[in-house]
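Take a look at the structure below.
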């Protein structure tokens with residue numbers, strides 16, 4: 001089955017880093033040189049082959065990274081991202097203002113990028129973001145900003161232990177978008193594993209929509225309608241689509257930029273967007289009130305003889321607010337680097353599978369480490385189906401890859 005030609009044409013125009021007119025077909029978007037960026041011409045067939053492999057259009061066994069590199073990259077991303085989700089939930093419990101928290105986090109990323117450039121540790125490039133670069137990368141910049149915002153808004157409204165269930169369709173949607181925009185085809189065995197994941201999502205969703213599942217029929221219907229209108233659940237589904245689209249777009253654009261440059265540009269655009277949103281929505285006013293409450297709590301704690309906040313004091317302390325912002329901001333910077341690196345050396349689907357595995361660990365750790373977190377039986381069953389489907393998907397993909405490599409080896413021998 002082939003992709004519709006109209007959709008293929010649309011994706012090539014929309015996602016082309018060169019531009020819709022493709023003025024220079026030998027143009028390779030921007031490599032860092034410390035003082036800025038300069039154009040390079042693709043004159044070597046090896047470079048063309050490498051670029052094709054990055055887009056998922058070439059044989060992975062010819063130009064793909066080693067399995068050890070993929071394993072180390074995925075492991076690094078899982079460890080960093082696992083801690084970031086829990087830290088973000090902890091920060092949101094302290095500063096329940098998602099857009100303000102994102103403004104601070106992206107601002108910290110920009111500052112860290114400036115430090116990296118000053119120290120000469122990475123190819124951040126020019127601190128200026130020229131309009132020509134924005135025009136060429138606007139799809140990447142916008143989708144990255146939207147996806148990050150959707151994740152944090154969803155996490156603010158649902159328990160960290162349910163976060164994995166609410167985004168359970170991430171792998172199926174990523175597979176669909178990979179087929180539509182990257183041309184990656186899927187076997188019937190793989191589709192069956194995707195069905196298992198969908199069953200897990202339905203089980204978790206049904207539990208969420210029906211509430212506790214007890215009570216009269218009218219109460220159950222009312223609870224179901226309330227669940228359907230639950231903003232956190234809706235944002236979880238929306239976040240699934242934006243994250244899947246982000247993964248595909250990062251796969252297309254990230255190889256064109258040094259990793260540190262990619263993180264800097266997305267952080268700068270995110271900082272501008274979330275700062276403006278915080279100002280328009282009154283988030284900064286709410287944050288100033290939160291700081292005043294934190295200052296009062298800190299003063300009360302300093303004047304008391306105990307080392308813990310007294311029971312009659314509600315809300316965070318000043319040190320708690322500052323530490324939540326700083327720690328989550330640094331963690332956000334690290335996970336941004338890890339995510340771009342993983343998607344660059346793997347496929348979008350591999351990135352999504354590692355996200356599913358991380359989500360299971362994340363749900364368990366959330367119950368242990370965070371207050372007011374729990375897992376219902378249906379949520380456990382849902383996570384089990386999602387994990388089994390993801391694991392089977394990985395096994396079948398590895399099996400198919402080895403079969404293709406063996407067939408290619410036999411063809412070379414007979415040829």
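Using N, Cα and C of the backbone, Cβ positions are placed for all residues, glycine too.
The compositional bias 'Low complexity' annotation in TrEMBL covers 1-16. What TrEMBL lists as domain 'Sugar phosphate transporter' is 80-393. According to TrEMBL, the feature region 'Disordered' maps to 1-34. If you look up TrEMBL, you'll see 70-91, 97-116, 137-158, 164-183, 190-211, 231-250, 262-281, 318-341, 353-370, 376-395 marked as transmembrane segment.
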Of 97-116, 137-158, 262-281, 318-341, 376-395, whichever stretch has the most CB pairs under 8 A to the transmembrane segment (70-91): 318-341
Stretch of maximal Cβ-Cβ contact with the transmembrane segment (137-158) [cut-off: under 8 Å; candidates 97-116, 231-250, 262-281, 318-341, 376-395]: 231-250
Across the domain 'Sugar phosphate transporter' (80-393), average pLDDT on the 0 to 100 scale: 79
Cβ pairs under 8 Å between the transmembrane segment (262-281) and the transmembrane segment (318-341), at least three: yes
